[in-house]
Structure formats: C-alpha cells, structure tokens
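Here's what Swiss-Prot has on this protein:
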{"type": "COMPBIAS", "residues": "32-54", "note": "compositional bias 'Basic and acidic residues'"}
{"type": "REGION", "residues": "32-60", "note": "region 'Disordered'"}
{"type": "TOPO_DOM", "residues": "1-5", "note": "topological domain 'Periplasmic'"}
{"type": "TOPO_DOM", "residues": "27-311", "note": "topological domain 'Cytoplasmic'"}
{"type": "TRANSMEM", "residues": "6-26", "note": "transmembrane segment"}
Amino acid sequence: MQELRFVLIVVGALAIMALLFHGLWTSKKEGKAKFGDKPLSKLDLGESEPKESEMYVAPEDDYEIIRKERKEPAFEDEKPFSTSGVIGDPLIDDLHSGQDKENKFSQPKFDDDITVAEAEAAASIEQDAPAWVEQPQEIDEPLTHHPDEIDAFSGEETIVELDEPISKTVEPELQVIVLNVHCAGDSPFVGTKLFDSMQQNGLVYGEMDIFHRHLDMSGTGKVLFSVANMMHPGTLKHDDPAEFSTKGISFFMTLPCYGEADQNFNLMLKTAQKIADDLGGNVLDDKRNLMTPDRLAGYRRQIVEFKAANA
C-alpha cells in the first residue's frame, strides 16, 4: 500500500506540473497578443491590475485560475523558491500541513522544557552551594600546614637517630690495667704510714672514698689513675688513720684515658714501686702474682695494641 501510494503521488505531481507548464505557456502567448493590440501610452499599472482581477474571476478558464494562485502575493512572500506543483496534491498537502503543525507546537514546548530545566538547576545549585563551600574549609586548613611541619620534624629526628649509632660505634671498648702493692709478711699496712706515703707521691683522697692521681699534684685537673683497697669493701674510708689497716692496695687506670696511656702507665708503675719500698711490700700484677719483666712487657703491648686499634 505504501508503494502504491508513493506511485500515485509521483504521477499526480507530474500531471499537475505538466498542466501548470501548459497553462503558463498559454497565458504568456495570450499576453503577448493583447499587449500587441494596444498602444504603449495606454499601458499603465492601473489598467493591468483590473485585467488580472478579471482573469481571476473567469470561471471558464482553468489555466487563468492556476496562474492567479501562483502569483498570489502572500504565497510568493512566504515560499518564493518552493515548487507550486507539489502543493496542489492533497496527499502532499496533508503531509506538509502535519509537519508545519508539529514544528509550530514543538518549538514552544522545547523552550518551556529548557526554561523549567534551567530553573530547577539554578534552584538545586543554590541549595547545594552552602554545603559544598563549607567542606573544603574543614579539610584544606589542616592539610596545608601540618604535613609540612611533620615532615620537617621527622627529617630532623631521622638525622639525630642516624648520628647516635655512628658515635656509639666510634667509642672504643673500655679496658682496665691493674697493679697491686701487697704487704710482704703477715703484718698489714697501717693507715698512718700508708696514707702518709700515698700523699707524698701525689695521691689525693677524694671521690668514692679512694685516692686519685690528678694531672696536677695539687689535686686538680683530669684523673690519670686511682688507688683503692684490695680488701672488702674496696674503699679507703677512715675516721682515724691509726686505726685503719689493710693487706694491700690496688692501682688501676682505664683505656682510653686522658693524655698518653703509656706515660700514665709508667707514672702509675713508678708510684706503686715507691709506696712498696716505703712500706716494705711487693708489687703484684692483676692476678696478684709478683711482677716480672714479661708481665710489664705484656701491659705495654696491650697499650700499643689498643692505640693501634683506635687510631
């Protein structure tokens, strides 16, 4: 049915176009004959218009009616480039009229939809705007400052933590060199004679209730070595020197020490020998054996190896 309808529309359109062309050709031929009969002076605008109206009202001439409809001013102003033949078909007229109605009514509806949509969007933006603005104020303020401060402090702490282990590994292991002065017989050293000999050799009673040999003989400056009691409790504390007695005293120095370790050892050994001579005692090693040249060489070798390991 659709194909048959399309064929009929095409055939009708062709027939109307042929009829229109024939009418135009006939009208043009008749117009030339009429203008040829009249003089030029009688041709004006006032006479031409009544003749067109007379041609329009003549019911016998179909071609004049078609010609009048084509030259209608309202039709030419609206669609000057459209084909006049197609408009004469009723099927095509229905199609065009339906499209025109849809265009006329659809455009206002589209505009109304846009207006309503814009109004709703504007209302939703105004309602949501305060909540959206407040959120960044709560989030951005702590994030812009605190991470930088945390990074700065964390970097400094990391440097301190790295420096501390390095300083600890540089420190050498503490070593102690010990000499002893022991009484020769069963008679112990009496405090009066013992303390007098110690003071004459530059030892000063001080911290931890023992005697110390300082850099200065007056008892000031760094401690080079110290002297303690061989017997329990190890201190040389006394209220009355005459009532104090012990079987021996211990000399000790630490490695590392202030100054030169070998010179401090020689000074400690010399002091121990003088006190032993004053009291009639013997100089012993750290195991409380009599001091021998080999053991003294062992002490000095220990000092040299320590200095080489920590040079």
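Indices start at 1 and increase along the chain as displayed.
The backbone N, Cα and C atoms fix where each Cβ goes, and this holds for glycine too.
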Mean pLDDT across the topological domain 'Cytoplasmic' (27-311) comes out at 72
Reduced to three DSSP states, the topological domain 'Periplasmic' (1-5) has 4 helix, 0 strand, 1 coil
